[in-house]
Each structure stands twice: as C-alpha cells, then as structure tokens.
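These notes concern the structure reproduced below.
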Amino acid sequence: MLRGAAVRAALLRAVRGAPGRAGLGRAVPRAEEEEEEEEERQRGGRVPLYPGHIPTTPLQKALLAAGSACAALWDPYRHDMVAVLGETTGCLALPKLRDRMRNDPEGYRILQERPRIRLSTLDMARLGGLPDGTLGREYIRFLEDNKVSPDTRMPAKFVDDEELAYVIQRYREVHDLMHTLLGMPTNMLGELPRSVLPTDPSDGFWPIGIPDPRPREVHGEVSSIPVPAPLSSVICEVVVKWFEAVQTGLPMCVLGAAFGPVRLNARKLQVLATELLPWAVRSGRNASCVLNVYYEQRWEQSVESLREEIGIFPPPAVCV
C-alpha cells in the first residue's frame, strides 16, 4: 500500500513538474505564475515602473516626505526637495486629479497623448513672434523675464504608478503657465496711476507687476530691460500656490501656501490677506481643472479669453 502511494506521488510530480524542473503540462501555468509574480512585485513597488522610477516602501516615503518638507521650508529654492515632497505626499490627491482628467474629453486626450512642455518640444522663436497678449507670447515673456526654463522641472521618481507620475509631471510643466494665466508677476496689475510709482530712481520699492524701467546690471553691463521687482516674485509665487492648492489639493501646494508668506512684512501680508488671497481662492474654486487644458494647442489664443474659458477671475489691481 505504501509502495502504491509512492508510485502515485512520483507520477503526480512527473505530471506537475518538480520544483525547478519542467514537467508535463506545467510550462503554461509556470509562465502564468511568473507573470503574476512580476505584477505583484510591481504593485509592491519593488521594481521600476517607468524610466527613472525609484521604488520605495511606505516607511521610506514617510521619511522622504518629512526630510524634504524640512529642507523645503528652510530653503524654498530647493526645487528638488519641493519635487520630492510633492511625490511622496500626493498619494490621495493625484488619483483624484487623474480621474478629473479621465472624465474630461480634453484631459483624457492629454492622458492618452502625453504631451510634454520642454525646450525640445517648443518652437521658442515662433512663440516669441506671436502677438502680445497671446498665451504663447506671454509664456515666453514670463520665461525670459524670470530667467527660467521648462527643462528645469525634475522628472517624477517616487510615484508608484506610471500614469500618476505623468499627472504630477504635467502639473510641474504647466506651473509657469499658471503664472502667465494668473498674471503673476508681469502683467498682474494692468494700468496704475503714475502717483503710485516711486519718483526717486534709487528707491528700492516698486509696485508688484509693474515693469521696472530703472537701469539694472546684467552680466556686468547696464541694461534698461523692464523687470519686476525681486520681492514681487515671492508674493506672486504664494498667490499661485494658493490657487494651485485649491485646484489640486496637493499637500505640497498647501504647505507652500501656508508657509510662503512668513518672510513678508506687515504691509505685504495685509495686501496678501485682504486682496490677493481671496481672489486666488475664489478663482481656484470657480475655475475648471487647469490640467484639462491642452496648452500646446492654445498658444495663439489670448490669455484673457483663456482665463474666461477656464473661469479665472480678472486679477485685482493692487500695489504693495
């Protein structure tokens, strides 16, 4: 009886295949198991899901989030730390943004085609030659005035989903377009009476959003190119972060909106709290999802008409 059981066991192993050996009728199930194991490893974040992806555990993400938050608060210009903070804390907000894009025809097309805003995909000369007031021309003006490049946006690394990684990458690449649409800082105020402008050329004050005609030194030479006052960029970045916080719900934006004003003086804080922030919050709530706009096909459209289409209210005329 024992011998019969041993024979049956041997036959069963021959049919199923012993561990590490090919058995009859086992090739297809083993291949399926390997595929399932590969999918399980991907879900567990143990293998890269896209170029540049760094798999991390929940504990590692928590440590990265805490460290990057401290570094970003200490030095807001550490864009690498801001990027890490956005990726490691966006686990709830990013799926909601992705779903909003999926449920919008234009947003769904963006998810399918995956456009990128980079120097290699932009015709800078053509955009710079568009009429004033168009999205393309004002975007190029913003890049030139602030000496920034679309290529400075870091690629996603710590998002454990390929599609969500593109969503946060898209958010980063349209961030400068948010400045353009919101009128921050180059054309925010529109026309102001000359009485608000300083009469002393040596005065360090200049209204936010008004081009500064005073000569400045560029690469050792004096230039009279109009530029916004340096302090204006701080206020404008805070306002944009409030708009983005309402729009996206990303903890990174909320943190930047909450702690961004700490270095402003009382006068600027008052204007920020009474004029700019209420406008940014109302615009963020009223506007449709800004990730659902195919900006690459809107370069010739005027900024004003695109604001109206999205639902962004005209920026207030204030002076700080």
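Using N, Cα and C of the backbone, Cβ positions are placed for all residues, glycine too.
Curation does not apply to TrEMBL; its annotations are automatic.
The Zn(2+) binding site annotation in TrEMBL covers HIS175, ASP176, HIS179, GLU191. TrEMBL lists 21-51 with the feature region 'Disordered'.
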Cβ neighbours within 10 Å, counted over all protein chains: which one of the binding-site residues HIS175, HIS179 has the most?
HIS179
Return the residues near ASP176 (Zn(2+) binding site) by Cβ distance under 8 Å, restricted to its own chain and a separation of at least 6 in sequence.
TYR139, PHE142, LEU143, VAL148, PRO150
